[in-house]
Amino acid sequence: MKPGAPPIATPLLDTLQRGLAELDAQGLRRVRRTADTACDAHMRVDGRDIVGFASNDYLGLAAHPALVAAFAEGAQRYGSGSGGSHLLGGHSRAHARLEDELAGFAGGFSDAPRALYFSTGYMANLAAMTALTGKQATIFSDALNHASLIDGIRLSRANVQIYPHADMHALGALLDASDAPTKLIVSDTVFSMDGDLAPLAELVALAERHGAWLVVDDAHGFGVLGPQGRGALAAAALRSPNLVYVGTLGKAAGVAGAFVVAHETAIEWMIQRARSYIFTTAAPPAVAHAVSASLKVIGGDEGDARRAHLAALIERTRALLRATRWQPVDSHTAVQPLVIGSNDATLAAMRALDARGLWVPAIRPPTVPAGTSRLRISLSAAHSFDDLARLEAALIAASEASA
């Protein structure tokens, strides 16, 4: 632009500003909070001490001394970064070892399991949806699947059939009517906003009956469900050659990243064709080194003790939520939603809890359907029963004030 020339009009900024104003008017603008300390049940956030019910740190491992030490050890050994993509110099011994460990830990459903490590769960789901399908495939997706699965499905160029949430009769009818040469059924195991479990045994049976593959996203089950925390498939004692298992490592595992476990041939194909694996820098090896330490805790006696404590917290929370004037969702997992309804009422409840030093996030559209805004209470083995007593008193007071 020449000196002195008038500025070029930027209608995009005007459009964005109007969009932000609309979000404000609808009570839908999201605001980040800043943690000053490590992720834990008791934290300092935005300069205030709080009890946090917002994280997905289900086993309370994010600040575990063994994991912190392993992270530091990994950085000393491998440096701070990987230096490249997995196929161009960034694949370290820490990554390779972790993949072997994950295949053994979570791959009991397969006779020939292999694991592939990703930097995020979003990237892992994109890889599974895009590399294993294509224009000739049909994907059958639960209506409440996670956004990362939905985005992967959109990128896959496959035909898509959405079945009502957990409705196996409807899914069976769609499969009966399909003549696609490749069929993929896709489902979360634990649904992140309701906390309910997918009917996995029925999904596996339908997949085998129709010659379909079943991809399950166990983001909220890995580390928590099943013997030794091996996940939802292990909890249901399911085995099938047609399974693809996605797990995340930044929730119960307390570190970061994700992985896919499947038959070794499917994993080799993903290495060759999954764009979200190929065209990105590998995660720092220190992260993988810390995850290896996490698996030892998850699968050991301490992991069993943490899961037992978490189970007791879940049952206590289910009871206390029924004492409020709002609508609890029937969840037996660490995700305990409390449906309030309107955006404004949900935000008011969140602020009332915050005033008492409790961080419980408000979940609003488009994450959940309009009219079902809710508080999402996320439990951790790091919580105590005293923490729940504080939560109960605050919830009852807030619900009565809203009546």
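Using N, Cα and C of the backbone, Cβ positions are placed for all residues, glycine too.
The substrate binding site annotation in Swiss-Prot covers R30, H146, T367. Annotation comment: Swiss-Prot describes G121, Y122, S192, H220, T248 as pyridoxal 5'-phosphate binding site. The feature N6-(pyridoxal phosphate)lysine is assigned by Swiss-Prot to K251, with sequence analysis given as support.
Structural mapping of features recorded in Swiss-Prot.
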{"residue": "R30", "record": "substrate binding site", "Cβ contacts under 8 Å, 6 or more apart": "none"}
{"residue": "G121", "record": "pyridoxal 5'-phosphate binding site", "Cβ contacts under 8 Å, 6 or more apart": "S148, D217, A219, V246, T248, G250, A258"}
{"residue": "Y122", "record": "pyridoxal 5'-phosphate binding site", "Cβ contacts under 8 Å, 6 or more apart": "S148, D151"}
{"residue": "H146", "record": "substrate binding site", "Cβ contacts under 8 Å, 6 or more apart": "N125, D188, S192, D217, A219"}
{"residue": "H220", "record": "pyridoxal 5'-phosphate binding site", "Cβ contacts under 8 Å, 6 or more apart": "N56, Y58, D188, T189, V190, F191, S192, G195, K251, T333, A334, V335"}
{"residue": "T367", "record": "substrate binding site", "Cβ contacts under 8 Å, 6 or more apart": "M193"}
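DSSP assigns H220 (pyridoxal 5'-phosphate binding site) to coil in the three-state reduction, placing it in neither a helix nor a strand. Between the binding-site residues S192, T248, T248 has the most other Cβ atoms inside 10 Å of its own Cβ, all protein chains included. Largest CA to CA distance in the pyridoxal 5'-phosphate binding set (G121, Y122, S192, H220, T248): 14 Å, whole number. Taken residue by residue with DSSP, T248 (pyridoxal 5'-phosphate binding site) is part of a strand. Secondary structure at S192 (pyridoxal 5'-phosphate binding site), as computed by DSSP, is coil.
Classification of Y122 (pyridoxal 5'-phosphate binding site) by DSSP places it within a helix.
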